[in-house]
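Down below is the structure, laid out as structure tokens.
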């Protein structure tokens, strides 16, 4: 049996008694931001005198960047700039969750703030209506670092019966998955589905379709909700792209991409043109498809377990072992979208969508610049 956290055994019925107390006109607003690791999320809450109706109603705030890997102690204040607001599924209406960009005291973007640059690129390609959908795989662990539901000694049965499975001996942690799904819908996140993955205790949720910068905003907040739901249940969700060595699938964050041109009749021509551009920039994309310049993906993109090799670029219709997959239906209808299967589970969606837009959608001199 996997170990769950001590806090998960606290009396939740007693907690509900306090959460149901009226709060007058006051509003809890929880500010959420990406920390210096480029992977972790932090949050803190403030009281506002009334319910904010939009991001414009939210004040800037600050935090101690020396405690999040984002500044030095002698000059530690970092700025929180609200960019996207959601309903709070934990404290309920009228309370809010707010995703923030992090700026230095000079008002320049923090090193881990990829949103700032991504937003500028999305503005340049907005006439194409860039459309994204991302498939977030993750793995559940006990707080002891052991995969949730796996035997204490040894291993579960080999992969095969777990993908999209049902049954107590096959699906581990469905309560978490369904609570997270409901929380995302309540919050207003564009979550579009979920399923059990190939490795036991591994799951996936999909976010999208989203246009432009919205993709990164909604996926980051969906990740925050996943971590919060897991906290209530006392387990840990990891986005490690290869959480278990051996004959087990890794975890990716496949990105589906389209534009208004790709979706129209004959759009396959634009899809093939985009794939050709991607083929010429494989190494550059690998560097931005995980937070450690491709080092995380080296453990996952081996050419096995439904992945392509990190060293080679490939594409094909309905080929899950290729870098880029053209769905069967798209191949038949000659329009639609394509899927890049290379991004790792712990990628920054702002960095990935920015690289995709620059390579596939920007024309002229600018699109030969480095992606980093």
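Placed from the backbone N, Cα and C atoms, the Cβ positions cover glycine too.
Straight from TrEMBL, the features:
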- 290-309: compositional bias 'Basic and acidic residues' (COMPBIAS)
- 27-107: domain 'GS beta-grasp' (DOMAIN)
- 114-372: domain 'GS catalytic' (DOMAIN)
- 43-71: region 'Disordered' (REGION)
- 290-316: region 'Disordered' (REGION)
With DSSP, how much of the domain 'GS beta-grasp' (27-107) is helix, how much strand and how much coil, in residues? 9 helix, 39 strand, 33 coil
Intrachain neighbours beyond the region 'Disordered' (43-71), with Cβ under 8 angstroms and 6 or more residues off its ends: 25-33, 35-37, 77-85, 94, 96, 98, 100, 102, 104, 110-112, 224
May I have the DSSP-based helix, strand and coil counts for the residues of the compositional bias 'Basic and acidic residues' (290-309)? 4 helix, 2 strand, 14 coil
